[in-house]
Amino acid sequence: MTAPTETQTPRDAAPSRGTLRWAPALWAAYAQAVAYAAAAVTAFLITDIAAAFDASPGTRLWPLGALAIGLVVAANATRRTGALGRARYTGSIALGALALSAVALALAPGFGFAVGAAGAFGIAAGFAIALAGRVVAAAEVGDGSASVVLSAAALLAGIAAGVGALFAVPLYGWRGVFGLVVVAAVLAAWKFAEYVPDDNAV
């Protein structure tokens, strides 16, 4: 009769499949929420942006139009389901671009520049929403329905952030609010790159 031997798990071993499912899904949902919030904040603060540059009534909605076009084109051009592929890298780049576009919009010296920055902002947000959505869908947390709940919660959180921006404007100004978006996007890019597995490792 042999004595039972104790098997030790190396400290640097990969986490369990359950951990790999939840951590990427949660941070991908956060990334989606930030991207949705970026669009919502721009929509709710469009009058403040236009007023800051004394834009004519006919051009006030140009930044919002540029953002909407960029977001729709980018989201539709990106695969939102199936294998992860290089979602970790492309998603992190998209979130980084979202942060940089928010900086450009916050520091816009003129209305034309703001329109261009809003277009880039929309493109980055569209890519981020689609790529993060692919991670959430691929994770299949729980019985699979939790992925849908996470995406829905991300959308609602983004809209809520847009509404909250209206209350933050008196304190920080519209440029300061976009500064908060920058901070949220940087955190999203960092954690997305840290937790989303390579290729199809979910």
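Just so you know, the numbers here start at 1 and follow the chain as drawn.
Glycine is no exception: its Cβ is also placed from the backbone N, Cα and C atoms.
Note: TrEMBL annotation is automatic and uncurated.
As given in TrEMBL:
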{"type": "TRANSMEM", "residues": "27-53", "note": "transmembrane segment"}
{"type": "TRANSMEM", "residues": "59-77", "note": "transmembrane segment"}
{"type": "TRANSMEM", "residues": "89-107", "note": "transmembrane segment"}
{"type": "TRANSMEM", "residues": "113-136", "note": "transmembrane segment"}
{"type": "TRANSMEM", "residues": "148-168", "note": "transmembrane segment"}
{"type": "TRANSMEM", "residues": "174-193", "note": "transmembrane segment"}
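Three or more CB pairs closer than 8 A are found between the transmembrane segment (174-193) and the transmembrane segment (27-53), so contact between the two stretches is assigned (pairs 6 or more residues apart). By number of Cβ pairs under 8 Å, the transmembrane segment (113-136) is matched best by 59-77 from the list 27-53, 59-77, 89-107, 148-168. Sequence-distant contacts of the transmembrane segment (89-107), counting only residues of its own chain at least 6 positions beyond either end whose CB sits under 8 Å from a CB of the stretch, comprise 28, 31, 34-35, 38, 42, 49, 63, 113-114, 117-118, 120-121, 123-125, 127-128, 131-132, 135, 175-176, 178-179, 181-182, 185-186, 188-189, 192-193, 196.
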